[in-house]
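Here's the structure, in structure tokens; my notes come after.
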């Protein structure tokens, strides 16, 4: 489907969970001849990341309202109005055929600006519980899609766009069937790390001994303390890194993942075809729990919520999974994934632009 001459504005910001799926769709449409610009905020990760992908970015000033004091709430309508005016001016100059909202604070004023100019608004919700911005925008959107069932009652479930290198991994049977030796446990706390996993996993390693080998992504500033914790637990042989640049290579190495359950992490693990032990971040709406639940229901993962998390709970779970069980879980994870999510979202963007 050629998009020659068509213009898209992607509205996404704040976290990798919003930005990376937006980039996947942007690249897919750019390969079809679309022009793409981005709407973001200057102080969040999109400001650096998006230009590195060859996409021009425009900025508006907006931030979240959750947890802010009474003065901030009183000033909020004016701030939202100013952000809407900025977004509207940007869109009048760029003249997109369609806008794609992937979440983050920037999507709110951006979506309202597009709607006020008669530009179709397409939304994608990455999480199992809809964010506040997308709940509002769903009322005016041309098309609403969701990665997991349940965020919106009637929205189409299309999965989360994930990185091409993850989708290109060999199937679980090819990767895992002949493996022997210690079970390879990949521990991922997200780019910020997860303190609870940094504290728990060295003790888990001590309990499991030679039956596992661990690659632990500690997050920024924690590598030394986590390495020390493994050493003090008598387990200095395990690998600790601050970041993992090549997640596809890490997934290819792993037999099982112990991690948080951010939307993109869950979708990548399913696409890679890996069993997982999820420890959802304790958010008041249990967003990460709902992200992980479909894989637990599919028999591909287990969820241990943070209040129930203990060294014994993790060690007993990992010890109870044989290699045969892990392979079965990996195949179920892959079967539950939606590998063409990027294409599905891109097709809806194209459809909205032609309508």
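From the backbone N, Cα and C atoms, a Cβ is placed for every residue, glycine too.
The structure displayed is predicted, hence computed values, not measured ones.
As annotated by Swiss-Prot, UDP-N-acetyl-alpha-D-glucosamine binding site applies to 15, 16, 17, 127, 163, 191, 244, 263, 264, 265, 266, 267, 268, 288, with the evidence given as sequence analysis. According to its DSSP assignment, residue 17 (UDP-N-acetyl-alpha-D-glucosamine binding site) is helical.
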Nonlocal residues around residue 268 (UDP-N-acetyl-alpha-D-glucosamine binding site), in sequence order (Cβ under 8 Å, 6 or more apart) = 162, 163, 166, 247, 251
Compile a sequence-ordered list of residues in the same chain as residue 15 (UDP-N-acetyl-alpha-D-glucosamine binding site), six or more apart from it, whose Cβ lies below 8 A from its Cβ; state 'none' when nothing qualifies.
-> 45, 104
Most crowded position, judged by CB atoms within 10 A, among 244, 264 as binding-site residues = 264
